[in-house]
Amino acid sequence: MGQEDLMNKAEDVADQFLRVTKQYLPHLARLCLISTFLEDGIRMWFQWNEQRDYIEATWNCGYFLATCFVLLNLIGQLGGCVLILSRNFVQYACFGLFGIIALQTVAYSILWDLKFLMRNLALGGGLLLLLAESRSEGKSMFAGVPSMGESSPKQYMQLGGRVLLVLMFMTLLHFDSNFFSILQNMVGTALIILVAIGFKTKLAALTLVVWLLAINVYFNAFWTIPAYKPMHDFLKYDFFQTTSVIGGLLLVVALGPGGVSMDEKKKEW
């Protein structure tokens with residue numbers, strides 16, 4: 001069996017998976033995508049004093065402003081998650097969560113940590129894809145109205161979302177000289193390029209979902225670390241951020257790559 005036959009067989013398996021799960025996949029994708037915001041909002045509730053004291057000590061902003069920061073994070077994240085899961089005012093919820101990402105990037109000095117900055121940008125990519133999905137749902141309400149095709153904003157949201165999502169995988173590359181690391185880097189790089197340019201997109205994204213899920217469960221098993229140890233919170237944060245990126249990739253699988261992609265251009269050839 002040649003390489004082309006193997007690729008076609010793999011695509012057939014992916015298409016079969018999509019046919020079986022198409023009713024549930026968008027809901028699962030949304031749940032995964034907002035998981036890091038949900039976890040962080042709940043953590044703000046249970047660690048209220050610690051979070052407030054950290055912000056007050058770091059920025060010397062006083063008790064009142066530090067309290068406002070924690071309250072804004074708590075309400076903004078939990079409120080945004082409820083709206084997204086209930087499919088109400090999804091676009092406003094996404095913009096609110098974009099604001100939370102920007103606020104936390106500055107407040108926790110993530111801007112100067114390349115790894116965490118790239119992961120936050122990847123999270124933003126997932127929200128862009130969610131915005132694109134919400135635009136699709138809005139259009140579907142006018143099913144009988146003639147359409148001129150996909151709107152450019154939606155196409156470029158999907159492109160931007162795909163490109164930002166792959167930043168997560170760049171933080172997972174290991175620059176070691178052993179064979180396994182080199183192979184993992186080569187395969188991972190090939191897959192993220194395919195997702196970014198939109199070629200064999202659903203198959204590549206689904207493969208990345210499986211790969212990232214395995215890495216997440218293996219390396220970020222926070223449940224194996226006692227809750228009182230700092231590593232528990234670090235791994236927990238990493239686990240849910242990675243789960244959110246998995247949600248973004250599942251949206252790519254469910255929605256397709258959009259108009260600005262090689263898959264779409266192939267239809268015109």
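Cβ from N, Cα, C; glycine included.
Here's what TrEMBL has on this protein:
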- 63-85: transmembrane segment (TRANSMEM)
- 92-111: transmembrane segment (TRANSMEM)
- 155-173: transmembrane segment (TRANSMEM)
- 179-199: transmembrane segment (TRANSMEM)
- 206-227: transmembrane segment (TRANSMEM)
- 239-260: transmembrane segment (TRANSMEM)
Problem set entry | Other parts of the chain folded back onto the transmembrane segment (92-111), taken as Cβ under 8 Å at six or more residues beyond its ends | 34, 37, 55, 58-59, 69, 72-73, 76-77, 79-81, 83-84, 117, 120, 123-124, 127, 130-131, 134
Exercise. What same-chain residues lie close to the transmembrane segment (206-227): Cβ under 8 Å, and 6 or more beyond its ends?
Worked result: 14, 17, 168-169, 172, 188, 191-192, 195, 233, 235-236, 238-239, 242-243, 245-246, 249-250, 253
